[in-house]
Structures are given as structure tokens and as C-alpha cells.
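S.K.: What TrEMBL shows for this protein is this:
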DOMAIN    6-52  domain 'Amino acid transporter transmembrane'
DOMAIN    119-451  domain 'Amino acid transporter transmembrane'
TRANSMEM  27-57  transmembrane segment
TRANSMEM  125-144  transmembrane segment
TRANSMEM  194-213  transmembrane segment
TRANSMEM  225-242  transmembrane segment
TRANSMEM  292-313  transmembrane segment
TRANSMEM  333-362  transmembrane segment
TRANSMEM  455-477  transmembrane segment
Amino acid sequence: VGLVYMFNLIVGTGALTMPKAFATAGWLVSLVLLMFLGFMSYMTTTFVVEAMAAANAQLRWKRMEKRKDDEDEDSSSGVSDSDVLLQDGYERAETRPILSVQRRGSPNIFEITERVEMGQMASMFFNKVGVNLFYFCIIIYLYGDLAIYAAAVPVSLMQVTCSATGNHSCSVGDGTKYNDTDKCWGPIRRIDAYRLYLAAFTLLLGPFTFFNVQKTKYLQIMTSLMRWIAFILMIILALIRISRGQAEGHPSMAQLSGIRNLFGVCVYSFMCQHSLPSLITPISKKKHVNKLVLLDYILILAFYSLLSFTAIYCFRNDTLMDMYTLNFTNCEIINVAFIRYFLGLFPVFTISTNFPIIAVTLRNNWKTLFHREGGTYPWVVDRIVFPAITLIPPVLVAFCTHDLESLVGITGAYAGNGIQYLIPAFLAYCSRKDTQLVFGSGTVNKHLSPFRHTFWIVFVLIWGFSCFVFVTANIVLSESKL
């Protein structure tokens with residue numbers, strides 16, 4: 001069940017913008033980059049699992065020390081800290097019942113039984129600057145997420161409703177290029193319709209930011225089911241069209257200009273590291289968790305490849321929409337009205353359920369970042385200021401642009417890069433140093449990553465930093481050309 005949840009978490013909104021990114025970068029470059037980024041994401045996932053095990057061991061060890069201090073308060077008054085550190089291995093063996101030592105063995109201190117979120121791991125293993133940088137990265141990523149969601153819903157509604165009127169009935173995906181200034185209904189232009197939908201979306205879902213919402217199991221099951229139906233429908237419809245010889249796509253092998261956006265989209269589409277503690281901790285038998293996660297990644301890689309390849313061979317490059325579902329609102333592709341509207345409006349249903357959850361997560365991260373030890377916030381700051389700074393920036397970004405491919409690309413390339421590569425690599429490095437300091441150099445973490453050599457951590461860090469430089473240089477160069 002944990003792995004099904006992980007699959008659902010990874011295969012999200014990013015997948016809908018992938019076909020367009022594949023088409024603009026060329027099929028060979030896209031496939032190679034997708035496989036490489038999938039491998040990198042898997043590697044950093046194993047780093048996070050390792051850091052979770054180290055964090056569990058630290059918490060367990062602190063509790064054992066506290067219990068021991070309570071019991072031996074009188075007798076240990078003359079013992080120095082260095083004596084305790086030197087004897088720690090002997091002391092632990094002495095304080096634990098013999099039966100449990102024989103049955104479990106000492107490595108079981110690394111069992112992942114307690115959920116330790118990434119923020120908590122950052123505060124355990126990083127210094128103050130590291131913790132603040134971690135929260136900054138998470139907050140920027142969540143802002144990007146909210147901006148993507150705030151733009152995706154009105155874009156879908158605008159495309160479906162504007163083309164369902166007048167002479168343009170069901171012609172969204174027929175290759176007609178619409179400008180934002182084109183008429184939608186009467187005097188109202190398409191951009192006006194988009195902004196009206198954005199205002200309605202903000203008024204309906206924005207207030208949830210001011211309250212606490214919990215992700216309900218049934219809501220998750222429903223959205224997962226709809227997502228699967230939509231993705232499978234799109235793959236089948238594209239395959240039918242290709243098999244009938246109606247395919248129009250002639251994708252190029254490589255176009256270097258499209259790599260920047262593709263990189264961001266792929267990073268965004270493999271994102272799950274920030275939610276791993278909630279997914280991995282409840283799994284009862286974690287012995288083969290890395291192998292099972294690898295299986296998940298292979299399935300996701302196959303799924304993304306199938307979705308993107310059927311898309312780029314079925315549709316011409318210039319007709320592929322930012323939001324792939326909108327290509328199926330054309331009568332020529334599918335003449336069943338219900339399926340057309342279901343796929344066209346699919347992002348509206350699924351994204352709308354996620355928006356309040358991400359908004360509340362972002363609001364809580366802001367509170368944690370500014371939290372003073374033992375202090376509480378005034379009512380106005382707690383209930384008005386934090387929700388407002390959470391909601392207003394992404395809505396303003398969505399008001400200024402609805403270029404989803406760029407929004408996903410920039411979010412993935414910057415904040416996503418930090419969360420997926422840099423933070424897990426630093427967590428693995430710092431947790432290993434901490435483990436050696438507390439438990440001695442001979443102790444082996446049972447959930448140690450298969451990529452245990454320091455070379456892999458250095459490789460991930462170099463890759464992450466070089467990606468920052470590459471993406472920034474690419475943006476600067478393309479802006480200067482404009």
C-alpha cells in the first residue's frame with residue numbers, strides 16, 4: 001500500500017506537462033535525461049531512508065540515555081562525559097535485557113518505527129544556517145506548486161468552455177493557435193475568462209488556507225482512481241490513433257534549446273523525497289524497502305515513457321498543449337462528449353483537492369521557520385498574516401502568467417533541485433558523521449544506502465550545483481536573445 005501511495009504521489013501534475021517538454025527537447029535527449037534523472041531520484045530516495053533510520057536511532061538512544069540518567073542519577077555523579085562516551089557500547093549492552101540483545105542484535109536501534117519528517121531531520125543533523133536554507137527551499141517549492149495548481153485549473157476551464165461556444169465547438173486540440181486576446185464569449189476575451197476562473201478558484205479554495213484541512217482517505221482514493229482512468233484513457237486513445245495511421249507527430253531526436261524546461265519538468269515529476277517519512281514509516285517489513293522502491297521507479301519510468309512517446313508520435317509538436325489532457329477535447333480525437341469533458345476538466349477535479357492541503361503545509365512551514373522557543377503568535381499573525389503570505393504570491397504569479405510548462409520547469413529546476421538532490425545528499429553525509437560520533441565507527445546502519453561510498457554523495461552535490469548554474473545560464477542567455 002505504501003508503494004502504491006508512492007506511485008500516486010510521484011505520478012502527478014508534472015506528468016501532464018511532460019509530453020510538451022518531450023516534444024520540444026527531442027525524443028532521444030528526453031529519454032536519456034528521464035532515465036538519468038529517475039536514477040538520481042532513486043539514489044537520493046535511498047539517502048533519505050538512511051537518514052530516517054539514523055534519526056530513529058538518535059531518538060531511541062536519547063530516550064535510553066534519559067532513562068539511564070533517571071535510574072543512575074545518584075551513582076553517576078562522579079563520572080565525566082568522556083567516560084560515558086568511551087563506555088557507551090558497553091553501557092548499552094548492560095542496560096538492555098539479555099534476551100532482547102540475543103534476539104534482536106544491536107543494529108535494531110536503526111529500525112524505522114517513528115515518523116521523522118524532513119524538517120526534524122534537518123534540525124537534528126544540520127546547523128542553524130542549514131536548517132534555515134532547508135525551510136527556504138521547501139517554502140519556494142511549495143509556492144511553485146501552488147502557482148502551478150492555481151494556473152492549471154483556470155487554464156483547463158478556459159480552454160474547455162471557450163472552445164465549447166460559437167464556431168469553435170470542440171476545436172481545442174485541432175492545431176488552431178489561440179491568442180489570449182481572442183474572444184471567448186461575446187466581448188469577454190480568453191485572458192479575461194482565465195482571470196475570472198482564477199478569481200473564482202481563489203475565492204472557493206483560498207479560505208481553506210485559514211483553517212486546518214486534513215487529507216481524507218476517501219478523497220485520496222477518489223482522486224487516485226480518476227487519475228488512473230484519465231492517464232490510461234489518454235494512452236489508449238493515442239495508441240488507437242497511431243494504429244489507424246492518423247498519427248501526425250514527427251518528433252526530432254534532439255533539440256538542445258528544450259532541455260532546460262525538460263530538466264525542470266522531469267525533476268518535478270520524480271518528486272517524492274519530502275513525503276517519504278509518511279510513506280515509508282508505516283510499512284511493517286522494511287528489509288527489502290530499497291528494492292521495492294527501485295521497482296516503483298522502474299514502473300514510473302516505463303509509465304512516463306509510454307505516456308510521452310504515444311503523445312509525441314500522435315500529435316504534431318505545435319499542437320501539443322502545456323496541459324496534455326486538453327489535446328483530447330477535440331472531436332476528431334474522440335467523439336464521445338463525456339470523455340472529452342472528463343479529460344478536459346480532469347485537472348480541475350484532482351488539483352482542486354490538493355490545493356488546500358499544500359497551502360496548509362506551506363503555512364505551517366512558515367510558522368515553523370519563524371517559531372521562537374516557547375513563544376506563541378498573536379491571533380492576527382497566526383490566523384491572518386501567515387495564511388495571507390501563503391495564498392497571495394502564488395495567485396499573483398498565476399494572474400501574471402499561465403505558461404504551465406515554464407512554471408513547472410522553473411519550480412523543478414530550482415527548488416525541486418534542492419529538495420531532490422542537495423538536501424538528501426547533505427542529510428546522508430551529516431547523518432553518517434553523527435552516527436559515527438554517537439555509536440562509534442564500527443556501527444553499521446541497517447538501512448544504509450546501496451550508494452554508500454562518499455563518491456556518490458559528492459557526485460549528487462556536484463550534479464545539483466551544476467544544474468543550478470546550467471539552468472540560470474540558460475535563462476539568462478534566452479532572455480538576452482529576446
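Numbers here mean position along the shown chain, with the first residue as 1.
Placed from the backbone N, Cα and C atoms, the Cβ positions cover glycine too.
Map these features onto the structure and tell me what's around them.
M.R.: Long-range Cβ contacts of the transmembrane segment (27-57) within its own chain (Cβ-Cβ under 8 Å, at least 6 residues beyond either end) map to 21, 109-114, 116, 118, 120-121, 124-125, 251-256, 258-259, 262-263, 266-267, 270-273, 276-277, 280-281, 289-290, 293-294, 297, 300-301, 304-305, 308-309, 312, 420-421, 424-425, 427-428, 431-432, 434-435, 438-439, 445-451, 456-457, 460, 463.
Sequence-distant contacts of the transmembrane segment (125-144), counting only residues of its own chain at least 6 positions beyond either end whose CB sits under 8 Å from a CB of the stretch, comprise 51, 54-55, 118-119, 274, 358, 361-362, 365-366, 368-369, 393-394, 397, 407, 410-412, 414-416, 418-419, 422-423, 426-427, 430-431, 434.
Long-range Cβ contacts of the transmembrane segment (292-313) within its own chain (Cβ-Cβ under 8 Å, at least 6 residues beyond either end) map to 3, 6-7, 10-11, 15, 18-19, 22-23, 27, 30-31, 34-35, 38, 41-42, 45-46, 49, 231, 234-235, 238-239, 242, 247, 249, 251, 269-270, 320, 324, 327.
Within its own chain, the transmembrane segment (333-362) has Cβ neighbours under 8 Å at 13, 16, 139, 142-143, 145-146, 149-150, 152-153, 156-157, 159-160, 170, 172-173, 201, 205, 208-209, 212-213, 215, 219, 222-223, 226-227, 229-230, 233-234, 237, 241, 323, 325-327, 387, 390-391, counting only residues six or more beyond its boundaries.
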S.K.: Would you kindly list the residues that approach the transmembrane segment (225-242) from elsewhere in its chain, counting only those six or more residues past its ends and only Cβ-Cβ distances under 8 Å?
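M.R.: For the transmembrane segment (225-242), the sequence-distant neighbours (Cβ-Cβ under 8 Å, at least 6 residues beyond its ends) are 8, 11-12, 15, 303, 306-307, 310-311, 313-315, 324-325, 328, 333-334, 339, 342-343, 346, 349-350.
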S.K.: For the domain 'Amino acid transporter transmembrane' (6-52), DSSP counts of helix, strand and coil?
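M.R.: So the domain 'Amino acid transporter transmembrane' (6-52) is made up of 44 helix, 0 strand, 3 coil.
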